[in-house]
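Following this message is one structure expressed as structure tokens.
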Amino acid sequence: MVSHSELRKLFCSADAVCFDVDSTVIREEGIDELAKFCGVEAAVSEMTRRAMGGALPFKDALTQRLALIQPSRDQVQRLLAEHPPHLTPGIRELVSRLQERNVQVFLISGGFRSIVEHVAAKLNIPTTNVFANRLKFYFNGEYAGFDEMQPTAESGGKGKVIRFLKEKFHFKKIIMIGDGATDMEACPPADAFIGFGGNVIRQQVKDNAKWYITDFVELLGELEE
């Protein structure tokens with residue numbers, strides 16, 4: 001059993017930190033915002049809640065929600081232009097501080113790459129450090145499904161990404177930070193998990209995470225000590 005002080009040391013000596021995006025790096029759930037924009041918010045929000053609570057296999061939840069939303073390429077582009085995602089307070093400073101320490105920062109999301117890349121640009125995170133789901137569109141821009149080959153399209157996908165990062169870059173210590181069950185499941189192979197409840201509290205995560213925070217200032221403080 002890793003103690004809290006050992007977890008803090010792990011975080012401060014990590015060579016890579018992976019963040020979930022929806023309700024962690026940004027305040028919103030991207031798929032819920034897309035559903036709201038497309039007029040099917042209520043049904044999709046309930047599915048998101050069940051998926052994040054671990055009650056529904058992730059790929060099933062994603063397939064069902066997207067079948068309801070049917071987002072076109074134009075709708076995704078207009079969502080980003082008219083309702084860009086809001087960064088969680090403190091995340092810009094935390095990512096910047098980690099990068100100053102030569103820590104590699106990755107975004108691993110069950111959300112959509114087009115939205116996550118927009119967030120990555122705000123945080124000076126290269127697109128090569130983004131792992132997320134890809135929406136597919138027909139030539140006329142209508143919804144054509146999603147890329148089911150992406151590891152993030154299924155339960156356990158975030159762990160697969162972290163395993164891939166360890167094999168590719170030989171990272172010794174990878175930390176996963178996020179609000180949901182799929183984030184907590186990524187440890188192991190992540191060396192430590194930090195639960196985040198600054199935007200929404202998932203009781204299962206709060207009850208089981210050995211380190212649970214509600215403000216990124218706490219992690220910034222650890223790096224400054």
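Placement of Cβ uses the backbone N, Cα and C atoms for every residue, glycine included.
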Going by Swiss-Prot, Asp20, Asp22 bind Mg(2+); tell me which of Asp74, Asp147, Asp179, Asp191 is listed for that site too.
Asp179
Given the recorded positions Asp20, Val21, Gly110, Gly111, Lys158, tell me which ones have a C-alpha lying within 10 Å of the C-alpha of Thr182 (O-phospho-L-serine binding site).
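For Thr182 (O-phospho-L-serine binding site), the recorded positions whose Cα atoms are within 10 Å come to Asp20, Gly110, Lys158.
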Three states by DSSP: which one describes Lys158 (L-serine binding site)?
helix
Given the recorded positions Asp20, Val21, Asp22, Ser109, Gly111, which lie within 10 A of Asp179 (Mg(2+) binding site) by CA-CA distance?
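Taking Asp20, Val21, Asp22, Ser109, Gly111 one by one, the ones whose Cα falls within 10 Å of Asp179 (Mg(2+) binding site) are Asp20, Val21, Asp22.
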Could you check what DSSP calls Val21 (L-serine binding site) once collapsed to helix, strand or coil?
helix
